[in-house]
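TrEMBL lists 1-20 with the feature signal peptide. Per TrEMBL, domain 'D,L-carboxypeptidase peptidase' is recorded for 37-273. The annotation domain 'Carboxypeptidase M99 beta-barrel' is assigned in TrEMBL to 285-343. Residues annotated as domain 'Metallo-carboxypeptidase C-terminal' in TrEMBL: 344-440.
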Amino acid sequence: MRLAAIVCLLVSAVVSLASAAPLGPLDYTMHRMGSGSGPTLLVVGGIQGDEPGGFTAASLLTTRYRFTKGNVWVAPNLSFPSIVLSTRGFHGDMNRKFAFLSPDDPDYKTIMSIKDAILAPEVGLVLNLHDGSGFYRPTAINSMLNPARWGQSVIIDQEELDNCPAHNHLSNLGGLARHVAAQVNSRLLNALHVYHVKNTETRLGDREMEKTLTYFAITHGKPAFGVEASKDLPPAQRTYYHLLALEAFMRHMGIEFSRDFDITPLDVERVINENLSLALYDNRIFLDLENIRSQLNYFPLKKDADMPFAASSPLVTVLGAGEEYTVYHGNKVLTRLRPEYFEYDHTLQAVPMRIDGQAHVVGIGQMVGVRESFQVDPVPGMRVNVIGYSSPSSAKESEDGVLLKKADIQSRFSVDEQGAVYRVEFYKGSKFAGMVLVNFRGRPAAPPVICTARVLSSPTSAGR
């Protein structure tokens, strides 16, 4: 899709849904997690869209961590349009809009909303995650290692916070930043990656830093830090360092947590890309996004209607209209859906199937693991279409009652690049009734979609 077309879609998505009750495809999300009692940390990712290490680390807090003491609030996708475009700021740099902002600015509602979160009495500390250029060093070494660089640093606006009596154990900004840097430095992958503390001394006249999120927090009595990973590192390594810093801050605050992966570069890269899934139309359709093909054709979408969807990551969204819809994970395009439009029938809730010889009742919108074979048993009034299978009998309209193995289905019609996942679609007359995925890798069904639901408005329904 050309850049101009993407920009047009972004403008449409933001403008048309700015005042709607459901979240639009590019609205930021706030995830409040924890025990309810104890300290509260606010983490912001994606304030600048070309910094995937930061917003990916923030998103992993929402999907792979569990908080047993204290609370963590996470806005992992604050400038979602900028993330999708992989640009610093779609409507200008959002991290320069915290001193003064016209109500006419397209980011005004987002800025006011995140300001409210910062000022919430529960919030005791604020972190803004970034990826910065080069490698910060207190003294100049070369063009990539010098005081003008930002990468691999913990940012403070001043050494001490004078106006936060409620959180005085966190008011020594410099001391806490040095503690966190030391914790990260105990897990370096390379000596070049060493963390330092960078003090911008904002109140001494740094006009640019006066406009930032952290300085807004500081001037309102909230301890706040920027955490920078270097843009000269691979994105997964940036996320690795962000997670180390996040955990150091949480431990210092007394927030207790667990996670379902190890903090190693390989494991971090694994969890960034696994268990990605998307559900459309209240789970009439489920897509496993892991290793998905770059394009799915004749995809059954609802005619002249909004598209409600939910995803397993706050960085997954859907944009598009007409002949193409694009599924994003952060700034990466996962797949494009080339639609065939139908009216929908919502009466079908589950279907009988035989999977490897065993009888099952499979809910619409599920993915089932198959080792050898599957068969869809007849459902009165429903037609079955196994995408990629051609019946040898042209007289048979429905593909139920047929025992199918992987070799019976043309691999070019698979959902995934490996030729293991296939669509089984159900129709009631001319109406689409739902879909089930069969996975010949025998993998259990993908995890349930857990993140905030969104709605992509249809151009034909937006004016109703």
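Positions of Cβ are set from backbone N, Cα and C atoms, glycine also.
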Counting by DSSP secondary structure, give me helix, strand and coil numbers for the domain 'Carboxypeptidase M99 beta-barrel' (285-343).
0 helix, 41 strand, 18 coil
Tally of DSSP helical, extended and coil residues in the domain 'Metallo-carboxypeptidase C-terminal' (344-440):
6 helix, 44 strand, 47 coil
Across the domain 'Metallo-carboxypeptidase C-terminal' (344-440), what is the average pLDDT of the model, as a whole number?
96
